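Copied over from TrEMBL, here are the features:
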- 62-154: domain 'Phosphagen kinase N-terminal' (DOMAIN)
- 191-441: domain 'Phosphagen kinase C-terminal' (DOMAIN)
- 194-198, 316, 370-374, 394-399: ATP binding site (BINDING)
């Protein structure tokens, strides 16, 4: 039966309308009956449809509709992007479906309906305003999600999914796989303030953390920490000490020193404030009613790598560059690659033949890999729409920081369809190209200023001569 389920899931079935067939192991096999949810879904569809009309004249490339200048504009741009894929015919076909865990279309769309906060707790612009509450949504709502996922990951919508290649973080040398990938952004102008790399995984035998019971959360936490809090894991990432583990309850305490440490190191993840009524409700929808129980974070002894447990995904490995070498992307990538490569030998992760490693966050499907460079682009940032376009055509998503107008985040769009090392190379090339454009503009401006100064001095000299 398990073999039938995997085959069924991997092929992404072509017609799920016949949901009452024996080998359908993904839908609830019954239609949505809740009238209030149905009415809410109708309102959601109206918002998405209307926003699509408002922005119908703009470019249709994968993240180009996003204009994260204010909460309302980000919501409008995200919903208008979704309108390209949630057409009336598609909506009518899937609106009454439920997954095996009773999740419906609203459970997928709700992040797009909220007005985003300055802190961007849900990464709306990176994930296009959707979330996967369970693994079955990718089959049950495939008419909507399949073309959206292809576009999100810079793949051709008309082409079939190709099998996700096997894990390969590092290049080959004389027939052997290396365990290092070196790359430092050429940054004489100090444009790069920090680089981050994240890779996420979910355990094969369990549902997403949102859906787990107390016992299952404890089981997952214990299983993963049994592999991470060891000398073997420390050896794998090139360290002698095993680091420290902190529960999320500790971290969420008022004036938590752990939270402040992680924030200063750049290893903190966005977390909702459960003391705020609105965010508390969102946290329940996002993380489940048991939050923050059974969650925690492991920090290595060098304080440049963190492993978050049961926070959206079962496992989130994050590494960052040091303040001494902020542009050393290769160092952060290598740490994550070594950690994930080791854990792959110790744990079984949920994956699909076509979608790769399955995730709650759709933009992480495939490899589960996201690379981020936090950069200062004072010249290019004067024309944000142009900068957004320059990034988009290079496969980069540009995320602005509403708390600071001095920097932007450049994140790889694609994580599906290719191996990790190719993603790493392509990403470094794309960011290097953006940095080169910024340097060229600075040089051009400097020459322009120098030319203006020469003209001013000439005019002054001529005026002095004329007076004499």
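Counting starts with 1 at the first residue shown.
Note: Cβ is positioned from N, Cα and C throughout, glycine not excepted.
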Most isolated by CB count within 10 A, of the binding-site residues 373, 395, is 395
In chain order, residues whose C-beta lies under 8 angstroms from the C-beta of residue 194 (ATP binding site), counting only those at least six residues away in the same chain, are 266, 320, 321, 326, 373, 374
If you average the pLDDT over the domain 'Phosphagen kinase N-terminal' (62-154), what number do you get? 81
Including all protein chains displayed, how many Cβ atoms other than that of residue 197 (ATP binding site) lie within 10 Å of its Cβ? 25
